[in-house]
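Single-structure report; data block below.
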Amino acid sequence: MYRSNNCGELRSSHINNEVTLSGWVQKVRDKGFMVWVDLRDRYGITQLIFDEERTPKAMMEQAQKLGREFVIQVKGTVIERDSKNPNIPTGDIEILVSELTILNTALTPPFTIEDKTDGGEELRMKYRYLDIRRNPVKNNLIFRHKVTQEVRNFLSNQDFIEVETPYLIKSTPEGARDFVVPSRMNEGQFYALPQSPQTFKQLLMVGGMDKYFQIVKCFRDEDLRADRQPEFTQIDCEMAFVEQDDILDVFEGLTRHLLKEVNGVEIEKFPRMLYDDAMRLYGNDKPDIRFGMEFGELNAVTQHKDFKVFNDAELVVGIAVPGGNSYTRKEIDKLIEWVKRPQVGALGMIYSRCNEDGTYKSSVDKFYDQDDLAKWAEITNAKAGDLVCVLSGPTNKVRAQLSALRMELATRLGLRDPKVFAPLWVMDFPLLEWDEDTERYHAMHHPFTSPKPGQIELLDTNPGEVKANAYDLVLNGNEIGGGSIRIHDKATQAIMLKHLGFSEADAKAQFGFLMDAFEYGAPPHGGLAFGLDRLVAILGGQETIRDFIAFPKNNSGRDVMIDAPSKIDDAQLEELSLKLNIKS
Ligand code: ASP
């Protein structure tokens, strides 16, 4: 038996017990006549004591030679500590060791294995197995486990069945590039790894499974913007015989359950907002509603004067910064520089100070009088002491820019408290999205999303206006998940694919299996998927999903620990009937 107890459970009530413990040497304090060792395992730290008077000489010497991260087993007696440590749960006791076995030695670790470590991110990733011994990483993994357990409990209690779907499949269009896997048995042919199990879960509905979920890996070969992973986990769900409200109710219930069980936070009904309103009020389809600072559109109160910049703009829009009138000229100039950074891309920013005495002072006083500025304040909801910041330009661009400014200011003002949770459903997304690069419409969600009833005809006349039965769940300004009611008949699916630019032959080649299935009695169905990594990070009050993934990849998609991706040898290529012809 390696251990009778773990390193986190012994208390004064165990005094005089004979115990066996195993774990890692966290620290050795050697006073010559006395040696203390902190023994660590997943559950905590227990202090071991060896002393000249009570410990045989050979064991004393052995203890003095223990190195950090040695794996040892000890037998001994639980005794009361002379000087207690109230900071750890086992701080009242220590183990007087009677037997010491070194189970394994360890090289000196490349960084300190403590809560605050001296190891940089890249180094910690290379030795992730050591990093996982640290509390912050270990606790995040345990936290993630708790969340997934609660997801499984909740959904199983609601009659959902977890079904596994294959990883070696054919491309599923979720808007990203596929990872592909060459097939040895089918020369020159490739599987794609699923961007999501989308078509399979729809086929499970045709198969009568009725309520499906899966905690599942998805793979998307995208350029890795900060905090994305090429492989990530979804809580993927689908339900048959449901309307949008049924789905929102179930997954609002799941989210509420998680907030309650995991965070102890109770939240009433989640607000719902139309996509168009989210864009108008926050310039963003995933607004952070923990704070106000809603947009005020100012075209009507700015385009009647000679200020050409505003007159030429499609949209003039502002926000009120609470207390912003206290900013110095220099601080405002810095803010203007901030919006002009290429990442934000505004050409400039106009502002109006709302003085305590009810007067206004703007950067465009030449064009606008006090009455005009009073209207700006009214529309942006600015109070005395605030600062109105105004951007102008093409609608989509200027909304994105002002949204970036809104988030930045809220962060600076401390309005984005990670302990506050503000969920929001955003609904009625456009079905299609114009892509400037390819000059074509793309499915905003995916090609299986159904248009709102009665809008099919609009596809021919005004495709950009067609709204979908699609919804996203947003939490604290992050998209946690999204889904839709699906198309479930072949004819509508064919129309949709035609509008996305698929020829009949291409549509058949790529999605024939799904369209065929729709001809054998497909029930009305819909679903959604939550991004588990991000959900866990947000519930954990943190920002980076990497911190909640046991073995994450870096920003270039590399696993620096196992050194992947890497070359394969010629024999492997030969087996796959592949010859490399690397372009660069
Ligand atoms: N498959 C979708 C996604 O991965 C989710 C859904 O529509 O259910 O975003």
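Backbone N, Cα and C define each Cβ position, glycine as well.
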Pick from 86-89, 198-201, 362-365, 438-441: which stretch is listed in TrEMBL under region 'Aspartate'? 198-201
Report the candidate from GLU164, GLU479, GLU574, GLU575 that shares the ATP site with ARG220, ASP221, GLU222, GLN229, GLY531, LEU532, ASP533, ARG534, as recorded in TrEMBL. GLU479
Identity of the L-aspartate-site residue among GLU174, GLU266, GLU268 (reference: ARG220, HIS445, ARG486, source: TrEMBL): GLU174
I'd like to know which of the binding-site residues listed (GLU174, GLU222, GLU479, ARG486, ARG534) lie near ligand 1, counting only a CB under 6 Å away. GLU174
Counting by DSSP, what is the helix, strand and coil composition of the region 'Aspartate' (198-201)? 4 helix, 0 strand, 0 coil
Can you tell me which of the binding-site residues GLU174, ARG220, HIS445, ARG486 is spatially closest to GLU479 (ATP binding site)? Compare CA atoms only. HIS445
May I ask which residues of the same chain, at least 6 positions away in sequence, place their Cβ under 8 angstroms from the Cβ of GLU174 (L-aspartate binding site)? GLN195, SER196, GLN198, CYS218, ARG220, HIS446
Count the other Cβ atoms sitting within 10 Å of the Cβ of LEU532 (ATP binding site), across every protein chain shown. 26
Take the domain 'Aminoacyl-transfer RNA synthetases class-II family profile' (144-552) and average the pLDDT across it for me. 95
